[in-house]
């Protein structure tokens, strides 16, 4: 029935654990208990039992706001900022009689800036809303009843529904796979939306539900699923299905996750178990850790400082005002114009204390212009624009994968210019993670003449020729370029093996078993091109792909996989012809980071039961049988040689199983697999350990993971910039050390402090098996080694040290009472390499550096094992490589290649740091200049609460006349060009040392603003009073004085911007001079309005200012006088005490940028004896005395 529509078995390319029908015994005891309480009634979602469960609907909302909550929540978000809350308070008080200005003029700017921020929030949330609408309105076929399926929206799906998902459609909820278009009920799933991985995953339904091959079969289908409660673990699932009065275990093999896509399968039937926000993908969609830059945190402190200044000014002025007001009782009313006799309370001499209190509140309103209301909004705008420039940088675009740089957050732009320590993964980050099979060892004999980049670097370091098999690879590479295989993943060269010559080797039977293991022991999926007959492979890792490709090229072509078999075309050593052989696949014991090995159990055509195993040498050698160690010594030597050459190694071994042994194992394995508990994986591992023993050693593989292009050059530049680079890797110590040499993290003559637990005492204790004694001895050993290392570093300040520590030692070094010593030693070394480190150790080291040094840390990685490290660091950089997108999705910024880090930090990082720092300093400068003129005028008017300026002059200062130049500064200014940033990495130290945003510099800019305010105020007041202002002999009133002072302030702060800029563009000219022009246009337009609107500004420009030459003379003198102190200070500093960027500007100005000798001299100022990189290595080799003399 419907069989003609279903695909045949031979198309299935699946591996799975052997299915068992064993009972559950007591293993299902957790079902119904805490964490395992979900019960799903399949195909009857509207039943009474189902409706009582009240599970979540399938409607998903990812928006931050709703229509009802947007206004209150968005307002709350804005007024959480202390500055915004202050302006809300002052805006509210402006409606009282305390306000020295109109309420409208105070509230409008607040509405503009808060509104702009809310509009930005609203637009972002609206985009999320549109995505939600599109997602919730997708269609899927749902079983209506009676074997009939109708299309319905995703939002209408309920727990217990049966859905039919067709090819290339996404799963609308978390489903249990019931059946598919394949006979063996399997399907292919792409999980790119979950983990970024593009390789297809295989899922398989229970055998008992695989009969469902047509819609009609579901009319009477009923089952009850009991499983775990909703959780975020994508890779685990525990449950059971009660079907036809039998219990069947459910595992991740049957789970189809929402937002995964059905591929290469016509259709599947699935039962909905988790909907909406209960689905695993939504459970995982928590916000990443909130990160704020150090500059932003410091900016908050500056705001608090200005609040302190503001309150102090108001307090002092109020005390003075109270004293003077009280004095008005005597001496004939000195301030007669305030009419103290008829004053109510504000100027009543009899109630002076209350008058002082009221004045304090008025002063708080009046001096509020010290606080830059537009600061936060302007910085957000600038950071977004900076991120766009980063995203659009063609020099960080990787054409091969069509991936540009992508700033996933704009909060940390300036932090890119302050990085002190980089913590980097190795595989896929420094290297390509594109493995090439290059060498192997079988039966104690090494094969393969390939030469790795590490070996070339070692030969170059030692100054010796690299001769292999009679060829000088150094000369050959220089003359002709390295010989490169045309087959991706295979770069093996040895005439003894190639073209079937291995059959003539002394141990050809061992070689045959070795190649057979490579062809059978894996989880790859073959894809046969029927037109060309070529087989390609879909593998879970680059290593796996390299092994099956190598087996294919060496005569063992894996070409087909079904649920229960693996087929290989083997080269028969007797007939020298290809023979097709099939191996019955009984069990797959999968690889994981704790097991560090994988095995398959197969039955060959002769009926033999074989366990084939491959894994890391740290776990494999200990599992060898006594009679299986024949080649152990030679293999260990070869593995060490391969590690020294920078190769990744695996040990291959096998054993034959008896029927009785296998049956015993399989019963326990099925029992463990059927266990419905959180400990299922642990139980499976324990059972696997008991069979993965007494192995017979075959040999070892060696694959090369080449360094990415430009890595040594990038590390060299970053090292010259003064950035410390630490490598955290899971590789062997020897491999990591030699990769360190290849990428110039290590150099000849650098003393290595190696910390491990390979002492005879610990080895002896491990043999005895006393775990407590081993732990105590290991801790003491690590502590002693760290203390010895610290003593070595302290004893020599001119030598470079490298700290190299393995994962076991690192576990003790990170303990609470030891980690401080470890950090001190690590900081004192030029480089650090942590080997065999786990993901949690990577994150803990990152946290230790971040919290211990209080300096900016950057973590960079490409795999899921790097996620913790990326989230823990101040800045997380994800490499969009071949290990999926989990690191990218958890990062703050993603790049395609490690070498792009050079430009990201040295160019964009420096620019963003300088721009944001200068922008914030200038913001405070212009507000201090403006605010203090208000204060000085109020003091001049006896602290009477009289504002110096018209209400709208006050309000629009930050909104229009001075806002755009500072944004242009933050986006476009360049102290030096990108070429000079890269040519002189020393420049980066400005950010690391934070010289551009130190308290000294911030206070200096504020002092500059104070000086400008004093000069403008006193020049204007002394020049305009009491002389005649125009030809009619009229003196200047406070309206004229206020407008003149305001004009001077506008000119001074905009011209100050012009002086501070290093790089003029047309946009800067427009916004600077345009801001000044806008002031005059506004003064004309506003002054032309009726007096009830323009008040003190009524025709002040046309009738009073414009006709008077005195107005222009005062303006010119004020601008020159106010800017002279800054100009003189800047000229002296640039000429006699230049900072790093000043030195480079002088080099460019003097035309010495093309003088290699002079440029090298400047660059070498950034080289220290402890600096890594090939430039430092070259300098140390050619002139070691000079290195010692560099300060």
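Including glycine, each Cβ sits where the backbone N, Cα and C put it.
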Stated TrEMBL location of transmembrane segment, expressed as one of 887-909, 979-1001, 1002-1024: 1002-1024
Range among 258-279, 280-301, 302-323 that TrEMBL annotates as transmembrane segment: 302-323
Which listed span TrEMBL calls transmembrane segment, if the choices are 952-972, 1141-1161, 1162-1182: 952-972
Listed recorded positions 425, 427, 591, 648, 730, 836, filtered to Cα within 10 Å of residue 866 (Mg(2+) binding site): 425
The transmembrane segment (1066-1089) versus listed stretches 101-119, 356-377, 1002-1024, 1036-1054: most Cβ pairs under 8 Å: 1036-1054
Per Cβ pairs under 8 Å, the stretch of 101-119, 923-940, 952-972, 1002-1024 packing most closely against the transmembrane segment (356-377): 923-940
Stretch contact, the transmembrane segment (1109-1129) with the transmembrane segment (1002-1024), Cβ-Cβ under 8 Å, 3+ pairs: yes
For the domain 'P-type ATPase N-terminal' (40-106), mean pLDDT (0 to 100): 84
Highest-contact recorded stretch vs the transmembrane segment (1002-1024), from 923-940, 952-972, 1036-1054, CB pairs under 8 Å: 923-940
Cβ contacts the transmembrane segment (101-119)/the transmembrane segment (1036-1054), at least three under 8 Å, sequence gap 6 or more: no
Alpha-carbon spacing, residue 591 (ATP binding site) to residue 862 (Mg(2+) binding site), which is rounded to whole Å: 20
Recorded positions clustered about residue 862 (Mg(2+) binding site) [Cα within 10 Å; pool: 425, 427, 648, 730, 836]: 425, 427
Counts of helix, strand and coil residues, the domain 'P-type ATPase N-terminal' (40-106), according to DSSP: 30 helix, 3 strand, 34 coil
